[in-house]
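Peer 1: Got a structure for you, questions after.
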């Protein structure tokens, strides 16, 4: 594996006082694509939201290209509920810092901006790239990747189908010129045809060597896309599998829950 | 009954009121839809804006002073609104009771600013000299030229605001934050600054309304509370589904107020407006125009 791009060191977090994931350590290398597989409600999305800077980590570090993105140390617990801690306690990680570093998180089932048109949303998206060059080329590629969005450019997001919204979400992520793109269940709740279309698009993104973290419930989908698969179970990474020995869906379920899942 | 030129006169004064309410209510609605908090300090923004302009007209006379005062008032109030976000809303933004806390903090700010005005400028009523005098004839009715100018500029200001929100990158970013804060954060937008800008813009429109009201009525430290109440009625009546919803509602409220004052007297006019508001809340709680509660 080449040098680590993103590294999580003993990361713990959750929604205080509920701890959701504990001691997660993982890394993603340059040009690498990593899959995260695990059942619903085990904390994958919470972990990724923490990495993206939406939720404060409790402990541990998020390091990207050798730079720590979160504040040092542990989160101090609240002693009293009758006190405005937010005045004194700064956020421990900021989405703006993470985006600036180049880590772009594409939320799961994202509604984006319901009252804006596709064109307006795609116009705002490159703001995340903070003036880096290459937006024009990326716009071309996005057109090529999702021709359907071109047809629907004057529609409000509210009127798009689930699949089209997902396409807009991914397009927004790409227009931010990510150095690492995190896709959280891109095919969630889509019809088989749309699912295929989207899988095709993700494959093309993969081929363009953008480093990826992909979460999905479907191992068959992941196995063609990722170099490594991490099994995520009860808030921790329990197993790491490389591409050569990719299990089938049933095998993976068996690894996590025993034979009689 | 009512003669044609009286009717036209009453109608014209209603339309003027509508323009002023539209300006104020839009400012209120923009903050409500973007931050999700109700700004009770909006009324004192109007008052403070008027006093700043009045102060300028004391040293620079004539329409130059008026223009200078209006411009300075709009710019300064933008700054005041911008800063107040960091004082009134930002410290509580992670609190689950933000909406309630903001009611209290903005009410507190309103009270403090109001008394500040009282300390600085005193309680005596003041008036900003209208920049233009004379009347315009409208089918026999004589309408003050100043009123016509106010209406034009108010509508123009709203048009500029609408274009800013629709067409510019900054305006679109503000709408994005209003519609989905998390997604906007993930795009690296500076949410706090955009919120502060929103309150700033809202305060600037309030200041403009204050300058206008100050030139047609008397200003006193508490005079902002009446327009605030009317704007509240407007926002509830029209809803905030579209940018134009509060504007249309503002003209309905303005005209209704003007005719109630003529037919029922000054003291019954608020009762009529509140009755209208209650009727709308009963029949179509999301407002007359549009069916969604929160957009921009």
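Backbone N, Cα and C atoms are what each Cβ position is placed from, and that goes for glycine too.
From TrEMBL, here are the annotated features:
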TRANSMEM  B:6-23  transmembrane segment
TRANSMEM  B:30-54  transmembrane segment
TRANSMEM  B:66-87  transmembrane segment
TRANSMEM  B:99-123  transmembrane segment
TRANSMEM  B:143-165  transmembrane segment
TRANSMEM  B:194-219  transmembrane segment
TRANSMEM  B:231-254  transmembrane segment
TRANSMEM  B:261-283  transmembrane segment
Peer 1: Under 8 angstroms for C-beta pairs, at least 3 of them, ignoring pairs fewer than 6 apart in sequence. Is the transmembrane segment (B:99-123) in contact with the transmembrane segment (B:30-54) by that rule?
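Peer 2: Touching, yes - the transmembrane segment (B:99-123) and the transmembrane segment (B:30-54) meet the threshold of 3 or more Cβ pairs under 8 Å.
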Peer 1: Residues of the same chain, at least six outside the transmembrane segment (B:30-54), with any C-beta under 8 angstroms of its C-beta?
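Peer 2: For the transmembrane segment (B:30-54), the far contacts come to 24, 66, 69-70, 72-74, 76-77, 80-81, 84, 88-89, 98-99, 102-103, 106-107, 109-110, 113-114, 117, 120-121, 126-128, 161, 174, 177-178, 194-195, 198-199, 201-203, 206-211, 213-214, 219, 221-229, 231, 235, 240, 294-296.
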Peer 1: Who are the chain neighbours of the transmembrane segment (B:143-165) in space, where the CB to CB distance is under 8 Å and they lie at least 6 residues beyond its ends?
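Peer 2: Same-chain residues near the transmembrane segment (B:143-165) but 6 or more away: 9, 12-13, 15-16, 19-20, 22-23, 26, 30, 130-137, 171-172, 174-175, 201, 205, 208-209, 212, 215-216, 243, 247, 296.
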Peer 1: To the transmembrane segment (B:194-219), which of B:6-23, B:66-87, B:231-254, B:261-283 is linked by the most Cβ pairs under 8 Å?
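Peer 2: Answer, by Cβ pair count: B:66-87.
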Peer 1: What residues in the same chain, six or more past the boundaries of the transmembrane segment (B:231-254), come closer than 8 Å to it by Cβ-Cβ distance?
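Peer 2: Counting only partners 6 or more residues beyond its ends, the transmembrane segment (B:231-254) has Cβ contacts under 8 Å with 14-22, 24-29, 32-33, 42, 158, 162, 165, 273-274, 276-277, 280-281, 286-296.
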